[in-house]
Structures are given as C-alpha cells and as structure tokens.
Amino acid sequence: MTATPESKTQSKWLAAELKHDSGVYNKHEVVMVRGLGATVWDENGRSYIDCVAGYGVANIGHSHPDVVKAIQEQAGRLMVMPQSVPNDKRAEFLQELVGILPAGLDRVFLCNSGTEAMEAAKKFAITGTGRKRFVSMKRGFSGRSLGALALTWEPKYREPFGDAVDNKNVDFVTYGNIEELRGAVTEETAAVILEPVQGEGGVRPATMEFIQEARRITREKGALLILDEIQTGFCRTGKMFATEHFGVTPDGMTLAKAMAGGVPIGAFVMTGEVADRMPAGGHGTTFGGNPLSMAAGLAAIRAMKREGMAEQAREKGAYFMERLRAIQSPKIREVRGMGLMIGVELKEKSAPYITALEHDEGVMALQATPLVVRFLPPITITREQIDQVVDAFARVLSGVNPRAERQAELAAQAEEKQSE
Ligand SMILES: *Cc1c(COP(=O)(O)O)cnc(C)c1O
C-alpha cells in the first residue's frame, strides 16, 4: 500500500523514511519493528502473518533462535576478514554448503546479494567458456545492477537506463519453449541462465522437459547451464534446491536470499572446471564471506536440515494450494506454484487485494506481475496460519472488509451511547 502525504503524520518513522529515502520504493503505510517465525509486528503492536518473508529470505522464520545465537557469538569474536585470509567459520560454511549442493558443484564464490551472484555468474561463465553471449528468459528476473539487469527481461526495469544496460549479448527466449531455446543457443553462447520457477515473472514453474532439454542443448553446444536459485533455493519449493525436482545438475547456480537466515549473503556455486579458468584476481568483493554472515549461514543451513524444512515446505505448500484452489471466486484465474512458492493469478489487477490483505486482514503478501498475488511465507508457518491467510484472502476477494465493518460497528455504538 502506498503511503500518502497525509499518512506521513501518522508515524514519525514513516515520515522520516518518506523524507530521506531515495524514493525508488512505494512505501507501505506500516512501520514494522519485530518478527518471530511467520509473524511480524508493527510499531503499534498489531501482528501480521508475513507471506512476504523479506521477499523469500526468512525461509526458516524471522529471528530463528539458532541464527540469533550464532550472530551474537560471532559478533563478539570476529566480524570481518577478507576472503584472501582463511577463516574457520568460512571454511566450515563452505563444507556445509557444498554438502547440500548437487554433486559436482563444489566451488563457491561468496558475495552479498543475489545481484552480485548474477554478476559473478556472468564473469565466471565468460572466463569458463571463452565466450560472451547469454541466453536469458522472457519474464525472467536476474537483479538490478547494470550487468544483471541485462539478463532481466522486464523492459520497464531496463528502459530508464537506455544503452547503459548492454544487452546486445543477450538473447531472450520464451520460458518453456524448447524450439526457441534450441535456436538461440550457439557456439558463441557462454551460458543459458534461467529460474527453475520464475518468481517475479508470476510464479511459473518450468516443465520437466524444458529444464532437461536445456541441460541437453547446453551440453551439445558447449555452453553452461546456470540455474538462478536465488528465490527457489533453500527449501522454498519443497526440495533443498528446485533443480532436484528436475533431475538435472547444472554447471552453476546463483544463490542468495534465504541462505543465511536473514543476513545479507550471496554465492555463485560452480564446477571445478568453470572455477579453474578464472584467473586469480579476476573477481572479488570486500564483504563476501565475512565471518558474521558465514556464522549465520552455517546456523541457517543446519536448522533447515535438522527441522526438515524441505519436507515441511512440500507438505504445507500442497495444503496451502489445495485450500486456495477451493476458494469459490470468479476473480481467480489460476493457482500455481511449487512448495511454499505460490502464485494466484487473478483476472484483474492484484494490487488492491494485496493492500486490503495487509490493511484489513493483517496478512502481508507480494505482487508478481500486475495480476498475480504471490505468497512466500516462512516455512515455519503453521497450518492454522495458512487457514487464516486463505480465509482472509477469500474475504478480500469477495469485498468483505472486517476492519471497516468493525470500525463502523464501533462508530454506531458510540453514537448510540451519545443518544442514550
Ligand atoms: C531476488 C532475486 C534476484 C536479485 O537478488 P537481490 O538479492 O535482490 O540482488 C535475482 N534473481 C532472482 C530469481 C531473484 O528472486
């Protein structure tokens, strides 16, 4: 929900953000101050079920106790040490991460965000193949730096920057169209880059054939297959990584979002063959692999394994989608997704319903393309909370507004009192 000038007066924190923020974000009207599991609280103490989870970061829940403890301990021990200097926590994290990756992906470039992981993927693909063309997907999202943006399809993200976004080396193909993909991959292609489930593009899972053919075509042409698992990774889709659903091993994967339980982190993971062709000094970053995020990541991955988060996402996701599909509303076109990465495509713009969910029902959800309502809850969300979200969604779709009704009721009671 977009904050208006009048709402500026509601909260000093909101006012300060509106005044000093760069202005690239449409601000919600709430100021969130705390989170635990799948619940967040605003500055007035109102609770919300959080199906945004920081855009799919808080997979193991907000403020997971293991991550909190790991950060506290590491903060008092060592927070920064560049990657040129080995560190115990980093070594331990690398072993833990490689232990959950598909076999063959055992080399890691550590960074601080998804966008940086995409930048690394491009550079390693170029040095790894000696080629510089990329094939990316229509409706795909790869991040917002100039290099990552070149792989991002949505023209409105690219157009304000004109030809500073150099995507003359990028060919976009229709997601799911094997013939188009085959036509686009040539002896000049360094890599095909795609999301196993398109997130920003409207929550669209790839078909089995598309991913398997992408693997076959890239192998035939000597190009790399790089899966963007920034949103789908770390149990979100019901497996540790979505690629496991498709039975393929890519040459590289980009990771970020949920990897460190809420702390900024990113990685490009790849085969030794790809990594070995990058010259020493060919890439780097100051904060990448810092001991603080390593400690958080280590605790987060161990919690995912111990608590069976992939299994939980699979079961809860199936239940969530089944309940969403049971909503009788002429406004719903389709419910789709994988695990707890769920999209509901409406026959009209989704934004007003997302606003109503937050404002009237205390449920935070996310947009994905103008027509889709996206639910990316923490995997720790309870069935009871899923029921509450689905019931709330059904109410906003049918135009019922319990908050307004409650306010009207209170106003009527107050009037009655006065007239007594
Ligand atoms: C979020 C996201 C990115 C960008 O990650 P940032 O951490 O926001 O830079 C790239 N690709 C996909 C699929 C994403 O969901």
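Here the Cβ of each residue, glycine as well, is placed from N, Cα and C on the backbone.
Copied over from TrEMBL:
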BINDING   Gly114, Thr115, Phe141, Asp228, Glu229, Ile230, Gln231, Thr286  pyridoxal 5'-phosphate binding site
BINDING   Arg144, Thr285  substrate binding site
MOD_RES   Lys257  N6-(pyridoxal phosphate)lysine
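Shown on the structure are the features that TrEMBL records.
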residue: Gly114; record: pyridoxal 5'-phosphate binding site; CB count, 10 Å: 27
residue: Thr115; record: pyridoxal 5'-phosphate binding site; CB count, 10 Å: 22
residue: Phe141; record: pyridoxal 5'-phosphate binding site; CB count, 10 Å: 25
residue: Arg144; record: substrate binding site; CB count, 10 Å: 17
residue: Asp228; record: pyridoxal 5'-phosphate binding site; CB count, 10 Å: 33
residue: Glu229; record: pyridoxal 5'-phosphate binding site; CB count, 10 Å: 28
residue: Ile230; record: pyridoxal 5'-phosphate binding site; CB count, 10 Å: 28
residue: Gln231; record: pyridoxal 5'-phosphate binding site; CB count, 10 Å: 27
residue: Thr285; record: substrate binding site; CB count, 10 Å: 18
residue: Thr286; record: pyridoxal 5'-phosphate binding site; CB count, 10 Å: 11
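Close contacts with ligand 1, defined as a Cβ under 6 Å from any of its atoms, occur at Gly114, Asp228 among the binding-site residues Gly114, Asp228, Glu229, Thr285, Thr286. In this structure, the C-alpha atom of Thr286 (pyridoxal 5'-phosphate binding site) lies 19 angstrom from that of Lys257 (N6-(pyridoxal phosphate)lysine). The subset of recorded positions (Arg144, Lys257, Thr285) lying with their Cα within 10 Å of the Cα of Ile230 (pyridoxal 5'-phosphate binding site) consists of Lys257, given in sequence order.
For Lys257 (N6-(pyridoxal phosphate)lysine), applying a Cβ distance below 8 Å and a minimum sequence separation of six or more within one chain yields Gly54, Tyr55, Gly56, Val57, Asn59, Gly114, Ile230, Gln231, Gly233, Phe234. In this structure the C-alpha atoms belonging to Glu229 (pyridoxal 5'-phosphate binding site) and Thr285 (substrate binding site) are separated by 21 Å. If you take the CA of Thr285 (substrate binding site) and look 10 A around it, you hit none of the binding-site residues from Thr115, Phe141, Asp228. Each residue contributes its Cα atom, and for Thr115 (pyridoxal 5'-phosphate binding site) and Arg144 (substrate binding site) those atoms are 7 Å apart. Counted over all residue pairs in Gly114, Thr115, Phe141, Asp228, Glu229, Ile230, Gln231, Thr286, the record's binders of pyridoxal 5'-phosphate, the longest Cα to Cα distance measures 25 angstrom. Across the structure, Asp228 (pyridoxal 5'-phosphate binding site) and Arg144 (substrate binding site) place their CA atoms 14 angstrom apart.
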